[in-house]
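Here the structure is laid out as structure tokens; the discussion comes afterwards.
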Amino acid sequence: MASLPPESLCPEVQHLNPEQTRRMERAQWVLNSPDPPGIWHELVGSIRETVFPSGNKFCSSSTKLPRASPAASFLKGLFPILSWGRNYKASKLKNDLMAGLTIASLSIPQSIGYANLAKLDPQYGLYTSVVPPLIYAVMGSSREIAVGPVAVVSLLISSMCQRLVDPVADPVAYRRLVFTVTFFTGTFQAVFGFFRLGFLVDFLSHAAIVGFMGGAAIVIGLQQLKGLLGISKFTTKTDVISVLEAVIRSLHHTWYPLNFVLGCSFLIFILVTRFIGRRNKKFFWLPALAPLLSVILSTLIVYLTKADEHGVKIVKHFRGGLNPSSVNQLQLNGPHVGQAAKIGLICAVVALTVCLYPVNPLVQEAIAVGQTFASIKGYRLDGNKEMVAMGCMNIVGSLTSCYAATGSFSRTAVNFSAGCQTVVSNIVMAITVLISLELFTRLLYFTPIAILASIILSALPGLIDINEAYNIWKVDKLDFLACFGAFLGVLFSSVETGLLAAVTISFAKILLNSIRPGIEEVGRLAGTDSFCDISQYPMAVRIPGILIIRINAGTLCFANASFIRQRWVAEEDELEDNAKERIHALILDMSSLINIDTSGILALEELHKKLDALDIKLGVANPRSQVIHKLKLSKFVDKLGMGWIFLTVCEAVDACLAAKMLGA
């Protein structure tokens, strides 16, 4: 950057020596930096970035592409298929076709099982594997994510909705409530993405998700005992104690062991095929086909042996055909609309967390879900656009008899392994499921419930990650507390209690770190201009007569201003007592401070008054744009003096030493 001409500096600065002049000039860089954008400007900018993506923002002026019209940018941002669809080659269709057929073979039995878990008729699971994947194929930016119903969201819906409406006593009202919840789920997801509020999902930390998913997997597994044992009457509660009590009570009544034998036999078959598929990657298709083969074989066995007459529970009711409209079934003015919105918010956060932020590191490597597999394929996945796509597909799904859908771990793994090239594999899957709804639903009348239970059980081991929980324990005990709290909450109370425990502990950790930030005394590393924490680098040297303090906090605000004020006054008093010579200056390194509020400014003013009374100078080094902007607005810069704002700690030290020599 070019130097300012001398006449541009104030008169009292022009008589300084060249080094002091350059220092004052660099201070002007800090003081005259552009004002940060306001809240409204940031909000409008975030929306513009979502709907009008600037794909060539990082290109040089010589390589910029021709700028598209706003309408074209909007449509390409909202519908990525308009960008990649023009370059789609027939050579990719073969891979996408094979991948789509493969994940369809897995999606059909899983969708039926997950609909049963959500306390819905089987066809609604298949409906959810038709419309949402088609909408995502048009609006989504991921090439590998396979969309449809998943176990965790199905459990959330059934556990919370059945407290409002009994799915057995009034299945129509229950179904309407589920569609309404799905509508709110999609609405919240779209709003999160449109206003770039993806950070809200981060309140479910990685550790909390590990605990929540582990507890949910066990709860889902226990729920499947009803189908696996052929139990007719079962508890509506999800906690482990209530479920085990229901199982023990049912064992004293009539139950049919044929359900257990049939379910366990095919569960072993599915697990064996999965083991073979993992040992030999050439047989990746075998575990994908195993659930569908299990459904076909078990249905034939029941039909030929008439096992349903001997106590084997079967699906029976199965309505085929295209997705019927459910627009008139939404209850946006009903008595449960508030509860439906709450459930929708929870489902929105969990569905996005499951889809965009995978839990198991081993699963991440094999599945490449969300952002991880996008990096493997060499393209960037915009989480906010993914939220918009997920939200829109659930909104449309709620209007076409679907319940909440998201990206599936197991189906995405198969899609990735099958060599899918684009999201066309989702279109192929949806068409295949639609054909099955039209032609083959009558053949599934004799499908045993125990097989659906075994299919769900086979998908659960990937949700439990004991190794990761152990790693969390080793690295961060507070993180493990969030993990364990979520696990116990889901297991012994309810799904929402586990979520609440996870969010509460994670939020408490954030507050604790914010209220008690780090205050470091900084010293210079010999022979360099680097200043480091003395406690971390004992070789760092204190500057005689100067106390340098770094505030390791993102924000100096009402929550931590009092604590920070006490800490730096204590630091100053301690060094006054122990130092061989008097402290002449206190330098605050604000390089880590991103923002400040009025409480933080008041703390600075109080510190300045106290130091001024002791004839100790206060200097501020490297303040960020938000910080210096608010310090100027509050007139603190005027009180401190322009000469005590510095670009770097090194310049602040040099200025203090020069002032000390002049004073001497």
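Cβ coordinates come from backbone N, Cα and C, glycine included.
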Review point. Pick from 135-155, 177-197, 387-407: which stretch is listed in TrEMBL under transmembrane segment?
Key: 177-197
Exercise for review: Using TrEMBL as the reference, determine which range in 334-358, 484-508 is annotated transmembrane segment.
Suggested key: 484-508
Check your understanding: Can you name the far-off residues of the same chain, 6+ from the ends of the transmembrane segment (412-436), with a Cβ under 8 Å from a Cβ of it?
Key -> 81, 84, 88, 92-93, 95-104, 106-108, 111, 126, 129-131, 133-134, 136-137, 140, 142-147, 281, 284-285, 287-288, 322, 363, 366-369, 373
Check your understanding: Top stretch among 177-197, 203-222, 258-277, 484-508 for CB pairs under 8 A with the transmembrane segment (443-464)?
Key -> 258-277
